[in-house]
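Some notes on the structure that comes next.
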């Protein structure tokens, strides 16, 4: 009986591990990190700039950040 129970536990844990590795992840909202409202500090633009984005905008009551620039500000020229 213990061997059968152990195999069921192993199968159940394997299925759970499979879902954790491949499966459902919560939506990461790092592009929209805050809330827009008149009394909230810091404002959306300041929040996004402090996180390394180029700026921010309000989408309803959600503060969303502009995409980060793909160009580097420092360009190394070949010798």
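Any Cβ shown, glycine's included, is placed from N, Cα and C.
Per Swiss-Prot, the feature disulfide bond maps to 32-65, 36-58, 44-63, 48-64. Feature annotation from Swiss-Prot assigns signal peptide to 1-26; the stated evidence is sequence analysis.
Feature map: annotations from Swiss-Prot on the structure.
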residue: 32; record: disulfide bond; DSSP class: coil
residue: 44; record: disulfide bond; DSSP class: helix
residue: 58; record: disulfide bond; DSSP class: strand
residue: 63; record: disulfide bond; DSSP class: strand
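It is 11 Å from the Cα atom of residue 48 (disulfide bond) to that of residue 58 (disulfide bond). Taking CA atoms as the reference points, residue 64 (disulfide bond) and residue 36 (disulfide bond) are 9 Å apart. All protein chains considered, the CB of residue 58 (disulfide bond) has 15 other CB atoms within 10 Å. Residue 36 (disulfide bond) and residue 44 (disulfide bond) are 6 Å apart (CA-CA, integer value).
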